[in-house]
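Reading through the structure tokens given below for one structure.
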Amino acid sequence: MTSSEIAMPGEVKADPAALMASLQLLPSPTPNLEIKYTKIFINNEWQNSESGRVFPVCNPATGEQVCEVQEADKVDIDKAVQAARLAFSLGSVWRRMDASERGRLLDKLADLVERDRATLATMESLNGGKPFLQAFYIDLQGVIKTLRYYAGWADKIHGMTIPVDGDYFTFTRHEPIGVCGQIIPWNFPLLMFTWKIAPALCCGNTVVIKPAEQTPLSALYMGALIKEAGFPPGVVNILPGYGPTAGAAIASHIGIDKIAFTGSTEVGKLIQEAAGRSNLKRVTLELGGKSPNIIFADADLDYAVEQAHQGVFFNQGQCCTAGSRIFVEESIYEEFVKRSVERAKRRIVGSPFDPTTEQGPQIDKKQYNKVLELIQSGVAEGAKLECGGKGLGRKGFFIEPTVFSNVTDDMRIAKEEIFGPVQEILRFKTMDEVIERANNSDFGLVAAVFTNDINKALMVSSAMQAGTVWINCYNALNAQSPFGGFKMSGNGREMGEFGLREYSEVKTVTVKIPQKNS
């Protein structure tokens, strides 16, 4: 599922009048959503934090408080790690469980997510500000597919026999690492929760996971579904809290064997340092990006404009994959800018629960201010502000879709990850030039190229210093393909078969035998 292809029912028409007439075909948000789960989830039980502290959870569309959630700190992390270690101990129910049964539990969890899909999508919109239909058709679709994908892998992770010299029989085993600490971001709360727990549980690990303090509600709801699905106590523990306390405790905990983090490069560095200083726990990092999107003159212009638009503005621009450095070949530059501005001006910004809304609010006041400050830096440094550039409305954290032209590589908006609805359009003359400029970044998460020349496409894709390259598409992510970054965009891979390698150890076993026969 891609950001620009929301799979709505076929009967829903494309033109606005027909769309409004057929809205009854679309799913509806859960009315008067009750927030049931606001406590820490340890050992399949809901608990108050040891400190008794709570923190507010807000609706970014209004700025108003939704509820308060128990705040986990180091003491609570210690309790969760103890529960996870007990669940992982030799002879435990979880360790003795058949791999096929682990797969069945993941499939059952997917069934429960499908049952509660509208409720979870409502929660993602209420707590995270994303349009409900995008949450329902993209985020929740990704959650379900990821759970089912790894459910299918559970009993298919095989070792091998190795023909070594001498009278020996040698084979390998793929074993779970142990207790996995996981820290997830606020931009895709439920999807990132699933990206983390699904491969870990598939391999037989146990989990201590911290959702972002801005968006803990859907992760806590998943705790109830995990218990209902039948996962044993202690296998998954969910602890909402802040990075400097709960997150730091996970990163440095001696009882945690592996950590996976999605978030900023700055915090990723701190986590890798803490992992090294403590017990050299294994680390997977999915960090920031400043991704190049290269548009050649022979591309389908209307299609490239729409894909580039979605590649930046999807999810309010709050994507690590955002194609925010759009390099356009000189001969089509002015026309591309013109059409991009027209498209941005048509983008509908509004309530996440309005079915016509394309863009909701930024996550909070801090992020809102950061985006507006970077927009002002673009103006100050000489980029041409084609449209947008301001906050929108009296309530909430909405920002106008913003387009800059005449952007140069040395500007802050061309170098720093904005994480907001801001499109920067740069021009280039030659392939060699654009390859060098596209790679001239500390980041290397994704890249894209739009062209009708397959030789040009393959040449550029092989030259890009990025973990994923899209040709004539953008944000085409799926459960089957590995995802991760080069350079300061992180290390390790999530998703696909490669994602399993991050959650298992390979053990070699050699047996002395009386006589070997080939």
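Each Cβ is built from the backbone N, Cα and C atoms, and glycine gets one as well.
Note that the coordinates shown come from a computational prediction; the quantities given were computed from them, not determined experimentally.
Per Swiss-Prot, active site, proton acceptor is recorded for E286. Here Swiss-Prot flags C320 as active site, nucleophile, drawing on sequence analysis. Taken from Swiss-Prot, the feature NAD(+) binding site applies to 184-186, 210-213, 264-266, 366-370, E417. Annotation source Swiss-Prot lists phosphotyrosine at Y168. Taken from Swiss-Prot, the feature phosphoserine covers S351, and the record attributes it to similarity to another entry. Taken from Swiss-Prot, the feature site 'Transition state stabilizer' covers N187.
Shown on the structure are the features that Swiss-Prot records.
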residue	record	contacts (Cβ under 8 Å, 6+ apart)
Y168	phosphotyrosine	T510, V511, K512, I513, K516
I184	NAD(+) binding site	M192, F193, K196, I209, K210, P211, A212, A219, T262, G263
N187	site 'Transition state stabilizer'	G128, N315, Q318, C319, C320, I363, F419
E213	NAD(+) binding site	F55, W186, P240, G241, Y242, G243
T265	NAD(+) binding site	L287, G288, D442, F443, M488, S489, G490
S351	phosphoserine	A61, T357, G360
K366	NAD(+) binding site	none
Y368	NAD(+) binding site	P361, Q362, G391, F397, I399
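According to its DSSP assignment, the residue listed as 'phosphotyrosine' is in a strand. T265 (NAD(+) binding site) carries a helical DSSP state (H, G or I). The binding-site residues listed here are P211, K370; among them, P211 has the most other Cβ atoms within 10 Å of its own Cβ. Cβ neighbours within 10 Å of C320 (active site, nucleophile), excluding its own Cβ and spanning all shown chains: 26.
On a Cα basis, E286 (active site, proton acceptor) lies 21 Å away from K370 (NAD(+) binding site).
Annotation note: E286 (active site, proton acceptor) sits in a strand segment as assigned by DSSP. Listed in sequence order, A260, F261, T262, C320, F483, G484, G485, S489, G490, G492, E494 are the same-chain residues at least 6 apart in sequence whose CB falls under 8 Å from the CB of E286 (active site, proton acceptor). In the shown protein chains, 21 other C-beta atoms lie within 10 A of the C-beta of W186 (NAD(+) binding site).
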